[in-house]
């Protein structure tokens, strides 16, 4: 079985695949102070609850946008699963796509993994919107090349910034307001963020298509993707497991060392 690890700025997602079958998926908060042993004991217990044996995991792959997490996650794989993990972005790891950027080394691993999965399962040209700590818009052409994109602050990050920077604005949860014109502070904040982001999505998608010069499939992933897909017609498809499926595909493209 394969252990796929998606380490983001806010959460780490651990998933176990048996072939194409997703056997389990768990989340932990991203914390570079947490040791490999803490994560290992926690994950081993969750595997046991699902009826899985950690020793049946023979390979692992890691994508991380937090460099400080990589060492601990590699140690976790070696110590608890007796395997040397592939790390997206390491030299020699074949993604199966060309990165058509001036500085390809700067692209986040999660964005590249999403591009791999999007091209594999949906073809192109397409736009991938990932609603995470940042909201990213990534362009993949019909040949599977990664062409770049746009990065904006994530929804929850924007809400937190409002609360932290303005003394009288409270911390609020994201939600779809019943109306655009808020009649109190909280609904006004929710309206500004929610409908503002709908406008952001629609505006960027329109401009990307115009610049790219063709119609494109728009695919959304991330926890808030369903909420925004209901509010705009520009999103054509949702895929909650896009990043994990991208990790699975990259693992298949690369020879994985035999467990020691």
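Keep in mind that glycine also has a Cβ here, set from the backbone N, Cα and C atoms.
Under the heading ATP binding site, Swiss-Prot lists 6, 7, 8, 9, 10, 11, 12, 13, 133. What Swiss-Prot records for 108, 109, 110, 111, 185 is substrate binding site. Residues or ranges marked as active site, proton acceptor by Swiss-Prot: 110. Among the features that Swiss-Prot reports, K(+) binding site is placed at 130.
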Listed binding-site residues (10, 133, 185), ranked by Cβ neighbours within 10 Å, top entry: 133
Residue 110 (substrate binding site) versus residue 12 (ATP binding site) - Cα distance in angstrom: 12
Neighbour tally for residue 6 (ATP binding site), based on other Cβ positions within 10 Å of its Cβ: 24
Shortest C-alpha distance to residue 108 (substrate binding site) - which of the binding-site residues 8, 130, 133: 8
Spatial neighbour of residue 185 (substrate binding site) that is closest, considering only the binding-site residues 6, 8, 10, 130, 133 and their CA atoms: 133
Among 12, 109, which are binding-site residues, the residue with the most C-beta atoms within 10 angstroms of its C-beta: 109
